[in-house]
Amino acid sequence: MGAQQEKKPSEERKHKSTQNNTQTSQVQWGRAWEVDWFSLASVLFLLMFAPLIVYYFIMSCDQYQCSLMNPLIDLLTRNKHLSDIWNKTPMLTYKAAGIYALWVTFQVVLYICLPDFCHKFLPRYVGGVQEGAVTPAGIVNKYEINGLQAWIFTHVLWFANAYYFHYFSPTIIFDNWIPLMWCANILGYAVSTFAMIKGYFFPTNPKDCKFTGNFFYDYMMGIEFNPRIGKWFDFKLFFNGRPGIVAWTLINLSYAAKQQELYGQVTNSMILVNVLQGIYVLDFFWNEAWYLKTIDICHDHFGWYLGWGDCVWLPYLYTLQGLYLVYHPVQLGTANAIGILILGFIGYYIFRMTNHQKDLFRRTNGNCKIWGKKPEYIECSYMSVEGTKYYSKLMTSGFWGWARHFNYTGDLMGSLAYCLACGFEHILPYFYIVYMTILLTHRCIRDEHRCLSKYGKDWKRYTAAVPYRLLPGVF
């Protein structure tokens, strides 16, 4: 949705709407104030089973050639016991611990010690010190946007080592993949636990904390909105973008190197996965300043959901296609490869242009052209927690007139392209499209629940004007 916040004169700030009152507006920020039984059950399920899901997928590739059914069949038929599978699982090693500690430390240094210089010579790139959205407590945090710089610097060193220095093998990530998984889990749980303790005893801004009284919900969904150490180290931005997303392309490159080592060639399917996912990663860092205005930064608190999720779930499950192709190299026919590439490009185009239209609409307060015409929109208003009345515009033109979350539609098209590159022999690489469909559908519903609470009857006018969420004419 395109929305532009605008403060009105002080006498209007005192106005309170029956549809958008102070009490209602509290639910718009990120998570619940009270926990119902369903939310608690969902939280407990994820806390218990999400780590097991990651382990199961990675173990299936390591011990069962990426078959998801054979481990279950072995266990059900008592051909193997859990202890047999566990005993064959590589454990944490000093080498993996050293690699991971060096990696995270390197990304921290790039994040907080090197001010961005890319914005000085890259046209239209927005980097350097940027302001985030207004928090519930009315705080506007500043961020040092230097993710693209960190990505470039990291990859230059990677290729310099691969082709010149040879300090370590490009297959180093794959060769230590499971030991590194234990390291990632340790960091994920450590940072999540620290964030919870910090929220209780020394929060960055106490007014931006939420306590439900339920330990498990608070641990998972987070207490602090923007936990920070010092002026610049923001937990949410760092762990959302670094080290997981910077590593995403390195992980895929390591998979490609392993394929070359094992089979003497890199298949076109592996190249497709590297290219299409690489475009997504580069898009993230090119638009890192824009990312400050998205749900993850604007509405989610920092807890296990983001801390562990960004350390473990993202790098291990978002890269399953490349991992699968190491065990099952697929050489696509030319027509199939071109078709998948086109699908990925179209999905990316829709994803980026939809977001661009919203950003342009916001920045110009609607004084722009979308598809050659002045955009249409619905005027709406809402009340902040402190009782200030704000005004917004919800755009109904361009892709935003086709569906309320058409950017997610493009994202799903790209996700499907990654999976199709792996062929149809196994279901494991298709986990990503299934997961992304569930995730983005849930985000649609969660975001729209928040918007209904925020805008009230104005939101109903908007949904009447744009009736579909993801697929015009279908959903």
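Backbone N, Cα and C atoms are what each Cβ position is placed from, and that goes for glycine too.
Here is what TrEMBL records for this protein:
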COMPBIAS  1-14  compositional bias 'Basic and acidic residues'
REGION    1-23  region 'Disordered'
TRANSMEM  37-58  transmembrane segment
TRANSMEM  92-114  transmembrane segment
TRANSMEM  148-165  transmembrane segment
TRANSMEM  177-197  transmembrane segment
TRANSMEM  302-320  transmembrane segment
TRANSMEM  332-351  transmembrane segment
TRANSMEM  415-440  transmembrane segment
Per Cβ pairs under 8 Å, the stretch of 37-58, 92-114, 148-165, 177-197, 302-320 packing most closely against the transmembrane segment (415-440): 302-320
Candidate ranges 37-58, 92-114, 148-165, 177-197, 332-351 - greatest C-beta contact count to the transmembrane segment (302-320) (under 8 angstroms): 177-197
Beyond the flanks of the transmembrane segment (332-351) by 6 or more, those residues with Cβ under 8 Å of it: 267-269, 272, 275-276, 279-280, 283, 399, 406-407, 409-418, 420-421, 423
Distant-in-sequence neighbours of the transmembrane segment (37-58), which means Cβ under 8 A and at least six residues beyond its ends: 68, 71, 89, 177-178, 181, 185, 214, 216-217, 219-221, 304-305, 308-309, 312-313, 316-317, 320, 323, 428, 431
Contact set, same chain, for the transmembrane segment (148-165): CB under 8 Å, 6 or more residues outside the stretch: 106-107, 110-111, 114, 116-118, 122, 125, 127, 242, 246, 249-250, 253, 257, 281-282, 285-286, 288
